[in-house]
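For Tyr131, the entry in Swiss-Prot reads active site, proton donor/acceptor, with the evidence type sequence analysis. The active site, schiff-base intermediate with substrate annotation in Swiss-Prot covers Lys160. According to Swiss-Prot, the pyruvate binding site annotation covers Thr43, Ile200. The feature site 'Part of a proton relay during catalysis' is assigned by Swiss-Prot to Thr42, Tyr105.
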Amino acid sequence: MQGVYPAIVTPFKDGSVDFEGLRKNIDFLIENGVKGVVPVGTTGESPTLTPKEHEKVIEKVVDFVNGRVEVIAGTGSNSTLEALEFSQYAEDVGADRVLLITPYYNKPPQEGLKRHFGEVANSITVPIVLYNVPSRTALNIEPDTIKYLFDEYSNITAIKEANPNLSQVSEILDICNIDVLSGNDELTLPIMSLGGKGVISVIANIAPKEFVQMVEFAEKGKFDKAKEIHYKLFPLMKLMFIETNPIPIKTAMNMLGMPSGELRLPLCEMAQSNKLKLQNALNTLGLLK
């Protein structure tokens, strides 16, 4: 894996998934050079989708993409059985890869993680992207566990690393050849400078062209040019997490007239003071017309 993979929002309209809006967003992203799209992850509000909605979104995204870029379907769960079933479904409908978050809330030990991911890996043939985000799961995949999984299962090929500890990223890259993708927009360049391959991005939903340019410069070793774009987008990157993701990105998309719609409870609308900060940042970047 290499490049920019937006973690796409799930647009809603009148309480249901807005599939036409989803199609428009996907076309916009592909036209602006992304390497793939990642539906039903954190940004896609997977915790508040019903199982049928979750599967339908994956199916529709595969259909809308129609082979133009990769589809990396979010299929993780804190239930190994559910993760396995979602992953098998994603493979059956044509997803290119699956994204598996570490089990949250039940906080398994490292041995439990090995068995959890191993069960899913043995049940499918498509490549698996591990997803480490300790700030949400209260659980870190240790580098030795990542190495074990990469060595043991041929279809575990990449990790979305959202642990902001660059020491951990360095250790992962030092001990195994797994593809490391940043799970934090603002750490994309630092991680790529260590040998990372790109990013699963939030900000790319609204600024895909610029973010793709930044990553392509980094891939070519042109870090001076990449840094210019990084610092240009940095204030907006930080605002994407001024409240819980995906509240800021969906708010920004609504401001820009992009299909996004409401959030599902328990997520709710952004505080007015933060909306003003977001609006100012979008104006500064010339994104608001």
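For all residues, glycine too, the Cβ spot is worked out from N, Cα and C.
Structural mapping of features recorded in Swiss-Prot.
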{"residue": "Thr42", "record": "site 'Part of a proton relay during catalysis'", "DSSP (3 states)": "coil"}
{"residue": "Tyr105", "record": "site 'Part of a proton relay during catalysis'", "DSSP (3 states)": "coil"}
{"residue": "Tyr131", "record": "active site, proton donor/acceptor", "DSSP (3 states)": "strand"}
{"residue": "Lys160", "record": "active site, schiff-base intermediate with substrate", "DSSP (3 states)": "strand"}
{"residue": "Ile200", "record": "pyruvate binding site", "DSSP (3 states)": "strand"}
Which residues does Lys160 (active site, schiff-base intermediate with substrate) neighbour through Cβ under 8 Å, counting only same-chain ones at least six apart?
Leu99, Val129, Leu130, Tyr131, Asn132, Val133, Leu181, Ser182, Gly183, Ile200
Count the Cβ atoms, other than its own, that fall within 10 Å of the Cβ of Ile200 (pyruvate binding site), considering every protein chain shown.
30
Provide, as an integer number of angstrom, the distance between the C-alpha atoms of Thr42 (site 'Part of a proton relay during catalysis') and Tyr105 (site 'Part of a proton relay during catalysis').
15
Counting all other Cβ atoms within 10 Å across every protein chain shown, which of the recorded positions Tyr105, Tyr131 scores highest?
Tyr131
Please report the number of other Cβ atoms within 10 Å of the Cβ of Thr43 (pyruvate binding site).
23
Using C-alpha atoms only, work out the spacing between Thr43 (pyruvate binding site) and Tyr105 (site 'Part of a proton relay during catalysis') and round it to an integer in Å.
19
